[in-house]
């Protein structure tokens, strides 16, 4: 679009966009008036402000519900129109997709103040509702059709309408993406329909609610990227195709441009010869349903805690598109998360939550419906293993090549790092991978060359063992925090005789005070186990915390440096990612996730379960870097 020349700046952005997420302070006077009306009695305008506040909340709620629906892939995948996924750029561009709600509240309130027929409204007026419907189907749809065609003229498209069409693959949030000029024009279209009831005395409170919510419903529906209109409806009422738009019909307008201009009624496209000839074929194909797209790679994740459960795209896409933070505005939603968690605990099954592509490979993230604390309840561990096993067997059945287990899904005490499943099912075609080899490599490659001593917790775990045995090859002394002499000796006996001297067992956190660099006053602690705040205070000033413990240790020391969980930046060839993984930046995934991807890309045919093969750490690291993965520290 930019090659056509500079864009006009007149009326492109809403004035309140400079407020960012705080733009709804614009409606603060409405809230004050609403409170005055409800508690102290008020004038007609006070009551009106109460309705405007409620209407705005209902419109936001409806948009959120549509967004939730369209992104629950386990429900929509069969009728999904475009399967390519979305990008972070689209999410950012659509941040202000609710601007029209504020604007229309202001315009409608101005009309309420200035137009006598729009004051002192009754709750219901049948004559007014019929008038509104007829005027919308006639003049409003007609005006919108020609307005939309005008917006596709060279000047208007380049300077204004191209913003909306930048989202080729739509979702409900796309419906509100437009310039200020377009929002004003669309408000004018709605005014055409509402003018009749207003000037004939038929306006009512219900008319306002039903028209705005109904208008939003249709706009959200046609942008939802899911063909939800049943074909039986058109078979029973053939003429309905002229009066009811479908999501696939509008999707062609976004993918192929200058056809299918209508608002909600294709009648005007048919009358003016602007129907895309592919419309009916696409609709029929979508309603038959897509065949299941088998991924080559699956990452089997789990929930971490109640608050982070909201960090999913079908809850809050803007929140999920940024690194997870336990922001204050998420806390009130816990009243919904808790009963959902209980329901998932009782009846939940593994479900699809994300998908993306890397080169020719289709990749998906499935989620075990369990939270972090569930994994430490002994009576529930058998049930968790059954869920993981069912996911592995499903992957085996449909032809997945590699399934990688996240964090607690490969817990050693739970299933021995996946060994339980490969022993029970020796003929699995899908390769089960814990990804810990690349996790170990990320941690080890992040340790500076001048380090001569490290303090290691979680030292006798499979990951801790591999880190310790690798470091002593570099003649680095490893202070292994463990209360088990037996497990320490078992690891020590794996090391060559001339390297065993570098493994030292310590039983208290005070032992970490001597793990400093050779050429500085810095200390290196590698954390593979949860640590209390009290024990964390044992770390000397200047300590650098490397981590492979989930969740991350709390940041309580300003005099120390906290490394991120072992993670890798995905190659730029990845397409369709618009969500940040837990505790990761954009385009970054946990190292165990990346490890499964590397396993897939390399075409390795072995399982990677149980203990880590220390000799393969460098090989896996080199393979990851060859494909463009970059460690993030």
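Positions of Cβ are set from backbone N, Cα and C atoms, glycine also.
Ranges compared are 303-327, 328-352, 353-377, 378-402, and TrEMBL records transmembrane segment for 328-352. Looking at 184-212, 213-241, 242-270, the range annotated in TrEMBL as transmembrane segment turns out to be 184-212. Secondary structure of the domain 'Fatty acid hydroxylase' (134-274) per DSSP (helix as H, G, I; strand as E, B; remaining residues coil): 100 helix, 1 strand, 40 coil. Averaged over the domain 'Very-long-chain aldehyde decarbonylase CER1-like C-terminal' (454-630), the predicted model has a pLDDT of 92.
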